[in-house]
Amino acid sequence: MKRFLLCSFALVLLYPAGIDMYLVGLPRIAVDLNASESQLHIAFSVYLAGMATAMLFAGKIADQSGRKPVAIVGAIVFMMASLLCSRASEGSLFLSGRFLQGIGAGGCYVVAFAILRDTLDEHRRAKVLSLLNGITCIVPVLAPVVGHLIMLRFPWQSLFYTMSAMGIIVGLLSLFILRETRPVRLAPRDLSRSSPAAESLINRFFVSRLAITTLSVSVILTFVNASPVLLMEVMGFSRGDYAITMALTAGVSMVVSFSTPFALGLFKPRTLMLVSQGLFLTAGVTLSLAHTNTVTLFGLTLICAGFSVGFGVAMSQALGPFSLRAGVASSTLGIAQVCGSSLWIWLAAILGISAMNMLIGILIGCSIVSILLIFSVAPNRSVAEHEEIPYQSRP
């Protein structure tokens, strides 16, 4: 079991590393590529577009050909794309490398969740996904620090050499440590009801959890996207103050994420999901009424706590009904989360909504819709019956 957890954690970490590792070198990259920093900021959107593109195909391929091949190919693509970025001499080549990086990271991301669905029951999976969320919160804090230390002695290309090395490590883990988990056959009692056709993505329970997780990701990405404006322009923080504040909010996320597995031993998953949405609603109201920086910071802290306590539980429930189509289910969740959050941020920008109102709107909207869905669409017997761990996996 440890090998599956190690490989899943490694596969997921490529995604945030690809976002945060290079940011510290952005000014130097802009100078060397004769591009403005604002032009290169599109690299974030290009990276997410690559992830969404990979998710369109990676899940189905993983269900048909296995988790291991997709993980290996994804790691290789990420490694090669990182090298391409390091060799870029102009902006378009750099953005092409970022798109390919997203493809590699997206394939690995999908496979990681499919592996956890293959190997863990719902109770253990919810705990592991909460821990995984806590670990991924470490990357946005550590990656800029590591990047800064690297750039003290080496050029910005070394940042992508480091990411390339991460791709190599993940590829080696996938090749030599990871075992195939794609179901070959299920226990005899499951054969009559567990088939790809029976595991439809169009069912009320999955759609409800897809909506909840998509709205939750929209909240956290809106917070990340709006944070520079809120903290530095509206609240008057310096870059140093901004970095410290974001590190502290990431620390809150880590503490809550690592505490959630213990909370699951005391409370029902539904209770934690309601607490999560209650924190979002409280954060939205707090931010709308805030007149001081202290109150605003308290509201931002509630956002991080709310996301950390509920996201892993909701993701675990969403994957629960799928024994044979875990890859496709994971892809669908990833695509909805990336595209849904991007759509909200884009629409808010087009409509000229301020950063604060953009955040307040998604907080209140997410909490109200999610609470209604939690009460109206609860796990039923058919979902519980589908919660099966593959009886036999490939060696």
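From the backbone N, Cα and C atoms, a Cβ is placed for every residue, glycine too.
What Swiss-Prot says about this one:
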TOPO_DOM  25-41  topological domain 'Periplasmic'
TOPO_DOM  63-68  topological domain 'Cytoplasmic'
TOPO_DOM  114-130  topological domain 'Cytoplasmic'
TOPO_DOM  152-157  topological domain 'Periplasmic'
TOPO_DOM  179-216  topological domain 'Cytoplasmic'
TOPO_DOM  238-246  topological domain 'Periplasmic'
TOPO_DOM  316-332  topological domain 'Cytoplasmic'
TOPO_DOM  354-357  topological domain 'Periplasmic'
TOPO_DOM  379-395  topological domain 'Cytoplasmic'
TRANSMEM  4-24  transmembrane segment
TRANSMEM  42-62  transmembrane segment
TRANSMEM  69-89  transmembrane segment
TRANSMEM  93-113  transmembrane segment
TRANSMEM  131-151  transmembrane segment
TRANSMEM  158-178  transmembrane segment
TRANSMEM  217-237  transmembrane segment
TRANSMEM  247-267  transmembrane segment
TRANSMEM  271-291  transmembrane segment
TRANSMEM  295-315  transmembrane segment
TRANSMEM  333-353  transmembrane segment
TRANSMEM  358-378  transmembrane segment
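Here the transmembrane segment (333-353) lies next to the transmembrane segment (93-113) in space: the count of CB pairs under 8 Å, restricted to residues six or more apart, reaches at least 3. Against the transmembrane segment (4-24), stretch 93-113 has more CB pairs under 8 A than any other of 42-62, 69-89, 93-113, 217-237, 295-315. Proximity of distant same-chain residues to the topological domain 'Periplasmic' (238-246), defined by a Cβ-Cβ separation under 8 Å and at least 6 residues beyond the stretch ends, is recorded for 140-141, 144, 227-228, 231-232, 297, 300. Residues of the same chain lying 6 or more positions beyond the ends of the topological domain 'Cytoplasmic' (63-68) and with a Cβ under 8 Å from any Cβ of it are 111, 114-115, 118, 174-175, 178-182, 196, 324-328, 394. Counting residues of the topological domain 'Cytoplasmic' (63-68) by DSSP class, helix then strand then coil, yields 5 helix, 0 strand, 1 coil. A mean pLDDT of 80 is what the model gives for the topological domain 'Periplasmic' (25-41). Panel annotation: around the transmembrane segment (42-62), residues 15, 18-19, 22, 69-70, 74, 94-95, 98-107, 109-111, 114, 182, 327-332, 334-335, 338-339, 342 of the same chain, lying at least six beyond its termini, place a Cβ under 8 Å from a Cβ of the stretch. Contact check: the transmembrane segment (131-151) against the transmembrane segment (358-378) gives fewer than three Cβ pairs closer than 8 Å, residues 6 or more apart, which falls short of the contact criterion. The transmembrane segment (358-378) makes contact with the transmembrane segment (217-237), as judged by at least three Cβ pairs under 8 Å among residues 6 or more apart in sequence.
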